DNA sequence: TTATTTACGGATAATGATTATCAATAAGAG
DNA sequence: CTCTTATTGATAATCATTATCCGTAAATAA
Ligand SMILES: [Mn+2]
Ligand SMILES: [Mn+2]
Ligand SMILES: [Zn+2]
Ligand SMILES: [Zn+2]
């Protein structure tokens, strides 16, 4: 399922809930769904403004709230200033956050579920989601300054 | 190493850095170090005020900043309002956050290091710390409302 | 197409946790 | 005791996010 297909699906589900399809909403959704760099709301705002200068930051906030309700985005809130979002991979997965340059990478190829399941079993919690963030220095930043 | 022993150690290290030992600082440090319920800054402030009414919220913020620099506290910042702190177990460990009552429990008995190590190896990151938070409903909240 | 309804967009004010500021005070060294 | 200056407490400032409100435009049906 590629971005445009997901976009149509999401718009259809929104419409079913009495929501409307506006040019701003489509542009903002497309920006979120296609972003692979975990942008902030502000960054998505600036991207949308490039092709659609008449856009409000408030509308971007309203749109990300919609995506949250629909489970089509995950939020990365750490010691960064401003939350970061991943609507490209909306299922929980590990993130590697570079404390030097601020870049956020997806952690791939490692199955976290067993650990989550073990913690759930040990705690009698009914776990609905999780967040695993590793903080450190990325390869690029290591190369340029030890 | 119990709380009072850690307190003395921390005060000694602070003194070595040109810091001073004030009654407020000691009271706030003691409150942080002995708290096992992941309190907010506000909660620590209220606890200290019980025995030491002449205390400022700003001083609690300054003290938690000191603890952060020293690596003697970990911060849990999520979708909660206000960060939560664990200065009782300052090494990284999983947390179980109840979205119903807001209580935060320590995840125990599960080794997270292998997963962290695997992610570090796969990513060429130099990982310095991590955060693993599970969100869900605690046993108590499940019991009282399905 | 046109009329009607009302969700939406944009601008901006409000919120709230955290941080910065600063004058008065007191800890610690000599 | 005296002096230096880190610290305190009160409060202002910051800043990401949320709430508010009115004019606009998307949907729906006549
Ligand atoms: Mn991601
Ligand atoms: Mn803990
Ligand atoms: Zn980096
Ligand atoms: Zn609960």
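The backbone N, Cα and C atoms fix where each Cβ goes, and this holds for glycine too.
What you are looking at is a predicted structure, and each value in this text was computed from that prediction instead of being measured.
So that you can see what the record holds, here are the features copied from TrEMBL:
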- A:98, A:101, A:138, A:141: Zn(2+) binding site (BINDING)
- [ ] With a CB cutoff of 8 A to chain B, go through the binding-site residues A:101, A:138, A:141 and name the hits, or write none.
- [x] A:138
Open item on the list: If you count CB neighbours within 10 Å, which one among the binding-site residues A:98, A:101, A:138, A:141 has the smallest count?
Closed with: A:101
Task: Three-state secondary structure, which DSSP defines for residue A:141 (Zn(2+) binding site) - done: helix
TODO: Enumerate the residues of the same chain, A:98, A:101, A:138, A:141 excluded, that satisfy the criterion Cβ within 8 A of the mean position of the Cβ atoms of the recorded Zn(2+) site; list them in sequence order.
DONE: A:99, A:100, A:102, A:103, A:137, A:139, A:140, A:142
